[in-house]
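Annotated features in TrEMBL:
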type: DOMAIN; residues: 678-733; note: domain 'CBS'
type: TRANSMEM; residues: 66-87; note: transmembrane segment
type: TRANSMEM; residues: 135-156; note: transmembrane segment
type: TRANSMEM; residues: 168-188; note: transmembrane segment
type: TRANSMEM; residues: 208-225; note: transmembrane segment
type: TRANSMEM; residues: 237-261; note: transmembrane segment
type: TRANSMEM; residues: 273-293; note: transmembrane segment
type: TRANSMEM; residues: 314-334; note: transmembrane segment
type: TRANSMEM; residues: 346-366; note: transmembrane segment
type: TRANSMEM; residues: 431-450; note: transmembrane segment
type: TRANSMEM; residues: 478-502; note: transmembrane segment
type: TRANSMEM; residues: 508-529; note: transmembrane segment
Amino acid sequence: MSDRAGPRRYEDFTTIDWIQDSIIEKNRRIRDADKARNAYRGANGEITPAWIWAQCWKLLTAGESWFVITLVGGIFIGVNAALISIVTEWLSDIKMGYCSDGWWLNQQFCCWEVESDEEFCPSWHPWSTVFPARWLVYVVFAGMFAFVAAHLVRTMAKYAAGSGISEIKCILAGFIMKGFLGFGTFFIKSLTLPLVIASGLSVGKEGPSVHVACCIGAIVAGWFRRFSRSESKMREVITAASAAGVAVAFGSPIGGVLFSIEEMSHIFSIKTMWQSFVCALVATFTLSVMNPFRTGKLVLFQVTYSRDWHFFEIIFFVILGIFGGLYGAFVVKFNMQVAAFRRKHLANHAVAEAVTLAILTAVVGYPNRFLRIDMTELMSILFRECEGGGDYDNLCQLSAQWPMVNSLLLGTFIRMGLVVMSYGARVPAGIFVPSMAIGATFGRMVGIIVKSISRAYPQSGMFAVCDPDIPCITPGTYAFLGAAAALSGVMRITVTVVVVMFELTGALTYILPTMMVILVTKAVGDFIGTRGIAEETIRFNGYPILDQDDHSSNVAVSEVMKKDLSVLYATGMTVSDVEGVLASTDVKGFPIVASKSSQVLSGYIGRTELRYVLDKAQHMGDVTPETLCSFSRQASDQEDFVLSGVTSGSALGAEEDVAVELLETTASNDVLKVWPWVNQTPLTVSPRLPLEIVMQLFKRMGPRVILVEEQGSLKGLVTVKDVLRFSVTEKSEGDQPLWDVGELEAVLEVMWNWAVEIRDGSLGWCRRVVRRRFG
């Protein structure tokens with residue numbers, strides 16, 4: 001099939017057949033190798049300067065992948081991440097005040113020369129010295145930022161909303177979504193992401209950063225023909241870009257690579273791992289060179305711990321792990337119920353919803369010292385040791401420890417509720433940092449309690465091992481571990497979290513406690529039966545993708561397969577017959593059998609390839625509606641096939657000129673030979689094969705369709721959608737998805753009905769007043 005005739009890229013809601021794509025790529029690679037071997041030689045096969053140049057060009061082509069990866073990671077993802085960080089910091093601070101030295105300076109740069117322990121900065125002016133006025137300005141800015149972001153997303157790029165991780169997982173599995181990785185989505189998401197974070201909504205930028213990075217990868221790779229015509233190579237670039245997105249968000253290149261392995265890609269090769277590593281490394285290096293925070297650090301909450309931990313603290317580490325597992329289960333369950341309510345009632349009120357949530361968050365959060373400030377800044381404060389500048393607003397003062405505990409506990413549960421309601425709103429919204437912030441406030445609270453107990457009972461058996469000359473408990477480390485637990489609990493990732501947290505702190509001594517906490521979190525999540533929020537979002541949206549953990553009971557594929565099929569016959573069909581089949585069906589491909597009387601399977605042809613051949617044939621004078629179509633290769637066809645320059649056994653992936661030449665050669669003797677575009681060795685299984693194995697074939701090999709045959713005779717076919725449909729109907733009533741158990745959804749329904757009644761009653765009252773007053 002011609003590349004110019006319509007290469008299959010991410011252009012509509014369908015799926016990629018990865019087996020077919022690999023066949024096309026193999027055929028193209030063989031033909032390119034044949035051309036390079038035979039081109040530019042002399043009459044007797046001698047080496048010429050043109051041949052030498054062709055070999056040099058071959059070497060350049062071999063390095064093209066690494067050039068694209070470097071270009072994606074270094075110049076674009078790193079620079080974009082730095083700009084987003086700078087703009088986000090300025091917008092977040094503009095809600096509190098402005099800099100008299102320059103309106104473009106945020107508070108940190110405005111007060112750059114002021115000592116860190118001084119509270120007064122003459123250049124930074126709050127909007128007002130009166131608390132209610134400051135509160136009002138804060139709320140107004142929050143609502144304005146949310147309005148602009150939601151309006152831009154709704155009117156210009158609908159795919160810029162949300163995190164994007166769930167959809168990218170589907171794209172990497174072969175699900176096609178037109179525009180999801182396009183320039184419009186990239187531009188609007190990059191523009192609105194700082195606005196959303198600055199609005200104070202309890203959402204993060206890390207998930208959207210992955211989406212933006214993948215958009216950059218797809219756009220840049222699309223400039224190069226080698227990638228634009230190959231889905232598998234495009235998938236490699238997008239996977240590497242997802243690693244770079246996490247790397248620049250957390251300043252963690254190794255964590256980004258592990259994230260792409262553990263969370264994003266179903267099939268991960270060593271080559272893709274190296275590409276992800278290079279892309280993440282270059283992007284992180286670029287971010288480091290730009291130094292957006294002017295601290296030499298890659299993220300705002302990067303810290304270092306100087307003290308070790310004690311074995312008796314494992315008890316409290318386990319508590320943090322249990323909290324992480326319970327937090328993940330709570331947020332995933334109730335967020336899906338909010339998503340169901342949002343889909344039912346708020347689909348046409350996306351802007352109003354975002355503004356309402358931003359105002360609600362600002363009104364509720366401003367009085368609490370731990371909800372008022374930006375979440376990344378909050379974590380930088382909570383992670384610190386008290387001796388390292390961590391005494392924010394008397395956080396480390398013994399006299400204020402119990403008010404701090406109350407404030408941290410209140411902040412934990414308020415932000416948890418805000419995350420449940422905010423994640424999934426129609427604005428760019430991630431859940432990484434909000435979850436880490438919730439875990440950090442809870443962990444710091446636990447750390448303060450443990451520290452107060454150690455001070456109250458220093459001679460007890462538990463605390464007797466502490467050195468009296470140095471602090472025994474470091475509450476900042478509890479915040480650090482709590483953040484790791486909450487992130488692992490909601491995303492259901494493990495190794496990635498450990499490495500990310502290690503790269504954030506550089507504290508080798510805290511790798512073991514982090515692993516303990518993550519292990520407990522995973523155990524609690526497994527016990528409850530929680531899936532990650534990305535997986536639940538995929539299921540909620542009904543995307544045709546099989547999760548790695550999906551399984552089925554002991555049923556055969558014959559119970560799931562489609563039996564009423566639209567087939568083509570290897571011989572005996574005319575062009576008009578084939579056109580009639582295409583017009584009467586909308587399936588993506590057709591099995592080919594020997595004849596009407598014989599169901600012996602001969603091959604499979606995609607609808608796109610068949611449509612291409614017929615369209616090209618219409619421009620040839622020898623082809624009429626009564627011309628016979630041959631879908632089966634004959635012995636006499638070999639010579640014509642070789643003469644057409646396609647010697648690798650298939651025309652799939654052939655260049656335009658080669659494909660046209662082949663059609664002109666085969667459209668002779670009143671027969672249109674379509675067999676070069678037929679997959680003559682489709683993936684087939686026996687009808688008695690367990691469905692469990694078929695599901696593994698879909699996950700690991702990625703075919704669009706699997707044919708079912710018995711002793712060479714076609715019996716049916718099965719697709720991923722068939723398997724998913726069967727899996728849903730197979731579930732019992734007691735095993736419903738989380739969003740069907742609607743405790744929170746029921747409460748929201750009642751509140752919505754009240755709001756509608758109040759609105760209707762108010763409108764009716766206003767109409768009556770107007771009629772009485774004006775007649």
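Yeah, the Cβs are placed from backbone N, Cα and C, and that goes for glycine too.
Curation plays no part in TrEMBL annotations; they are all automatic predictions.
For the domain 'CBS' (678-733), the number of residues in each DSSP class (helix H, G, I; strand E, B; coil) is 23 helix, 17 strand, 16 coil. For the transmembrane segment (273-293), the list of distant contacts is 65-66, 69-70, 72-75, 77-79, 81-83, 85-86, 89, 108, 213, 217, 236-237, 239-244, 246-248, 251-254, 256-257, 260-261, 299-300: same-chain residues at least six beyond its ends, Cβ to Cβ under 8 Å.
Within the chain, the transmembrane segment (314-334) has long-range Cβ neighbours (under 8 A, six or more residues past its boundaries) at 416, 419-420, 423, 431, 435, 438-439, 442-443, 446, 450, 478, 481-482, 484-492, 513, 516-525, 527-528, 530-533, 536, 738, 741, 743-744. As a quick check, the transmembrane segment (135-156) and the transmembrane segment (478-502) miss the bar of 3 or more Cβ pairs under 8 A, pairs 6 or more apart, so the two do not touch.
Only sequence-distant pairs (6 or more apart) were considered; of these, at least three Cβ pairs between the transmembrane segment (66-87) and the transmembrane segment (208-225) are under 8 A, so the stretches are in contact. Confidence over the domain 'CBS' (678-733), given as mean pLDDT on the 0 to 100 scale, stands at 82.
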